Amino acid sequence: MCVVRTFWFAVLTVIFAVSCSSHSVIENDKPTSLKVGEGFVNPLGYYEASPRFSWKPSISNSKSTQQSAYQIQVSSTPEGLLTNPDKWDSEKIKSSAMSWVQYKGKKITSREKVFWRVRFWDENNIASQWSDVAHIEMGLLENLDWKASWIGAKDTESSLSPSQSTLATPQYLRTQFSVEKEVLEARLYVTAKGVFKVYLNGKDITANDALPPGWTPYEKRIETLTYDVTTLITKRDNALGAIIAGGWYSGRIADLKETDHSKPPRFLAQLEITYSDNTTRLVTTNDSWKATQSGPIRFASNYDGERYDETYEMQGWSMPDYDDSEWGTVITDASTPGTLLRPKRHLPVRNVDKLTPLSFKQVSKDTVIFDFGQNMVGVPSIKLPVKQGKQVTLRFAEALHKGDFYTDNYRSAHSTDYFLPAKDGIAEYTPTFTFHGFRFVEISGFDETKAPVKNWIVANVQHSDIDLYNNFLSANPKLNKLFENINWGLKGNFFDIPLDCPQRDERLGWTGDANAFIAPSMYMADVYGFWSAYLNSLREEQTEDGFVPLYVPFVKWINWTSSGWGDAATILPWELYMMTGDQKILEDSYPSMKSWINYHDSQAKNNISSMMTFGDWLQPYPEAEGKGANRGDTDFSLISTAFFARSVALTRKTALELGFNEDAKRYEVKQKTLAKAFRAEFFDEDLNVIKGKETQTAYLLALAFDLLPQSEVNIAQTKLISLLQSADTHLRTGFLGTPLLADVLQEAGRTDLVYELLFKETYPSWFYSINNGATTTWERWNSYSLEEGFNPQGMNSLNHYAYGTISRWFYEGILGVKPQLPGFKKAIISPQLTSKLGFAEGSIPTPSGDIDVSWTMTSDGFDVSVTVPFNISAEFVPPAHYSVVAATNAKNEPIKKWKGLKAGQYQFQLIIDEKHGGAQ
């Protein structure tokens, strides 16, 4: 029982809380990390009318381990939370749920701002304090909320064959308005068909954003953003200005021509001002705006770069006193009824860091190459001496070889920026409507009488605004470098959508790459919102017959699908669910999953699939030559049938989670039927592959997807290991096999082979790229070598995250943490120890908090330290061949049971089993 006495005094209130339990929440404990949806903190312009709430406890000084109940209050005012929560009071709900708790109150409407707080009860029914107050402000949730019109420069009026200048020359737009009253609040709701910058009274509202609103299936949905501009509006004349460019909407996409995407960019904005007397004012895009294409940005392309002519600058063009009499009128376009306008589902791409050059080399009197030491994505900012009329050119490269600038792997992407100075002196320039993947920048055309210096240039690192955890470290410097490279690959390719690469004439959201990297990225960064938004786009692009494009958003370039790629419809939602425990991702995706199964079925005969496939993409040492070599040696039908079975299995699991039991029964029958057909079609009685070549990936698919009878699992494992050993313990896997390799070998009891593969120095291996100077993960296992130079194939990205899939095993293998239940409600902790690694440490993010694991090799074994967060139950499982000789809790008290470990810190001492004679 807890006794609380409250004494009121004139000056202050003192609350004494006395707990009779030794296992209770202490007075200062209260929920923290209040978030809504997929991780938004106090969002402005939120997208979900019925939000989901999440929180974590702050119980570092208490002995509580579990939540038994919670209470959420939501009100239209902060004060209302204390007296009358007018939107929702859940009252006390008996539940351990701390994440994705569904709002069940009164309707929340567009623009509305609500305030919320939460408290919880621990396992002894002791209540925490109330959390601090958090808030949510909605964006415009429905198309009907928009009173604005789409506008663009008159000269860009749609035609059947617009010129390149029509599409690629940015449009400058502006309007003026007066404010006569005191402003209480002002919100700017804005978007574009294309990309935009917005200015209010000369202030760049989007200064930290890059290429908003981002890339969605434009015919289905365009995302909108909300900005608080209250402090920028003056009680007099005001001006609202914008620049729009094609971005991903019009002009060049991938290696297609401008005319393949010939709809010119358009702009939509709605400024809503609330005065202190609670009256309102709307300023919208309409036919009164003015426009010009005679601004200084003369050309802009995501792929080809930007051309800036200083002689066209229009000083003060977004200020209210600017003379726009020579500007033209705008045209207005009707809204497309089928296109949804919805608030952005994840944070935009932003400028997140700056890099300075490590070194530079002058290669001619007016040309210098700067080396930033890191392959990255973004744009440069230059500040350097120039001569009037002498063009400054900036070229980009991911690598040099013997001093030569390497751009062959950009293929047809020019990726070049140009700056034309209007006068002698020091010029400053940062590209606005493009982005580049690069480590090196070549600048030519500067004032050759001046000697280059490092501070002429900085690199602006851009990526989707995500939190990176930097949550793994080991005793092996190359393993740490590999983690760092994968981390940079994540940053560079998470550019509003998950790009395959950030530098060449492609930069698309390939689904197969996403399958390989979704789980690793969830361990490495706060990317749930990013992935759920991408998955939403995938569902929108899926056709009625279940067809899923190779890349999302889809552009008409490669108009077929592939097994192992389109299966993102089932793989992505299930991986997200296991990592988060958020059932909504399954609810939203289940119809799409079923539809994809139907499409798979349409491509199969007698349960053997003939679906097109890219195969085990970029498998090393293929037998085929030419372009066919890229697809690897594993039989295509084997691959497609295996992924058919995998998608059925995941859809069955989803049906069970959602309570669709009849569906689950039907899918269970189908799964077993496919497994039998797979076994009979592709293997003989001795489990030798009889269609196509016997490959590591053939056995990996069979084992990872449970397609063999239990009695044959050991046989398949033995054959896989034999193939590895015959390759001198080198992998022979591409995009489909590599993600499965480590886990299958661990399941076979051969983590020694995983470590051998991981630490392999020669081609093909992860350390091979590091030994050859990589600072990000490569597309190919042999993209470059110091001796031979670059792979001759043009498709040779040096920043490709797919092979970063191995980082999943850093968390699930080296640290040994896996979810036993969705959202890590129950977790297995079984670090895979090895004498090849002196120590390893890291944290595994869960909705309830981090699971921390560290281990260190000792003279006779290993010491393992584990921290289990509040509300999670964990089981410690010694790895194969090891025994626990001592286990203690944070008080150094011995513990005898390692199953059902509650929140707290634990230490384990392990030794190698004597019969095994030594550590692996």
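Backbone N, Cα and C define each Cβ position, glycine as well.
Cross-referencing H346, H730, H800 with the alpha-L-rhamnose binding residues that Swiss-Prot gives (D500, R504, D505, E506, D513, W565) picks out H800. Every protein chain considered, the tally of other Cβ atoms within 10 Å of the Cβ of E506 (alpha-L-rhamnose binding site) stands at 22.
Binding residues for alpha-L-rhamnose (D500, R504, D505, E506, D513, W565, H800) extend across at most 21 Å, taking the greatest CA-CA distance. Separating the Cα atoms of E779 (active site, proton acceptor) and R504 (alpha-L-rhamnose binding site) is a whole-number distance of 12 Å.
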